[in-house]
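Per TrEMBL, the features are:
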- 131, 231, 232, 233, 234, 235, 369: pyridoxal 5'-phosphate binding site (BINDING)
- 67-370: domain 'Tryptophan synthase beta chain-like PALP' (DOMAIN)
- 105: N6-(pyridoxal phosphate)lysine (MOD_RES)
Ligand SMILES: *Cc1c(COP(=O)(O)O)cnc(C)c1O
Ligand SMILES: [Zn+2]
């Protein structure tokens, strides 16, 4: 049976060679459905570590040309000093900064661009807070496709912008926030026949499921809690789907609780859950230092809310100061350099322990979504500049 798309609301189905992003009947999100393969972990262990190791779980037909930069296979670090600070028994960071373009987006783009290529498309497009464009530009280059990007003006971290430009994307910036950039690129895609690779694209999310698979393999068991920063909310949904598929295939026999964290100034999903609403109220002017999660109207909120409900999950908001503090300690206690959005996961777990929302006995995996070098300007603001010294050893000794 080939994979197909299914509306999460009305159940309408679409073939895997149709270019459709949301349900034509009810405008809701689509999800890829396929037969759950029966493969053992031992079989996977014979293969190279990376997303295509889980080939049977990825909905790409045999014989398609695979577009890859060897994404995935990132380290899972045990962080004992950080665990003390956070207040849990065991804490791990899954360091997605080690992907080819420095964020987890590469997992999704490898599958998404492979799909674009197999559909015979010549151009791809995205709106981005930065990492999506960096990643899509690189994979489009690898595949020989044209790439169009719309960014919110002055709100994209310098490292990410540098990547998108150097990989040859046509980069445009709009006066407005990410939500407006996304609205524009969706319209542009349908007018120009570009293949849209934001996380509304369900094929892309399939690649991000592999984060769950890798955590299971590396840890050797199921953690109690998996903490994920939420922006457009695709990643937490994809990771949860990954755990469920390993569960259905019999590889694991229990499931973790998902923990979604948003920045205080951009927290529409957490606000909605706190108030017990069943619809999202967008935040019209999202603000946070963590630009990767500076999103006021997250497209994938229904999937994220389902993941949190199904997993008996947790949610929390963190302030910019809490994010910066966590970023510093992840870097200085453990040697792991992450960008601010990633640090939100660790900050959120610490807050939940302080508030007695999670037990100290828990084993927690935090997703370190992106690399420290993505946002050098934020680092200079937070850490200051180097100490200026004269070229004279005695003067230096005096200063020290
Ligand atoms: C994209 C991104 C996020 C948010 O992921 P969503 O799937 O949009 O929720 C978090 N951190 C980093 C570094 C990202 O690039
Ligand atoms: Zn529908």
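The backbone N, Cα and C atoms fix where each Cβ goes, and this holds for glycine too.
Here the features listed in TrEMBL are placed on the structure.
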residue: 105; record: N6-(pyridoxal phosphate)lysine; contacts (Cβ under 8 Å, 6+ apart): 99, 131, 132, 134, 135, 136
residue: 231; record: pyridoxal 5'-phosphate binding site; contacts (Cβ under 8 Å, 6+ apart): 129, 266, 292, 293, 294, 295, 298, 341
residue: 232; record: pyridoxal 5'-phosphate binding site; contacts (Cβ under 8 Å, 6+ apart): 178, 198, 199, 295, 298, 299, 300
residue: 233; record: pyridoxal 5'-phosphate binding site; contacts (Cβ under 8 Å, 6+ apart): 199, 260, 269, 298, 299, 300, 301, 303, 304
residue: 234; record: pyridoxal 5'-phosphate binding site; contacts (Cβ under 8 Å, 6+ apart): 108, 199, 200, 204, 205, 208, 299, 300, 303
residue: 235; record: pyridoxal 5'-phosphate binding site; contacts (Cβ under 8 Å, 6+ apart): 104, 199, 208, 211, 228, 367, 369
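Using a 10 Å Cβ-Cβ cutoff, residue 369 (pyridoxal 5'-phosphate binding site) registers 31 neighbours. Apart from 131, 231, 232, 233, 234, 235, 369, the residues listed for pyridoxal 5'-phosphate, the same chain places the Cβ atoms of 105, 199, 229, 230, 236, 292, 293, 300 within 8 Å of the centroid of those Cβ atoms. For the domain 'Tryptophan synthase beta chain-like PALP' (67-370), the model's pLDDT averages out at 97.
Residue annotation for pyridoxal 5'-phosphate gives 131, 231, 232, 233, 234, 235, 369. The furthest Cα pair among them is separated by 14 Å.
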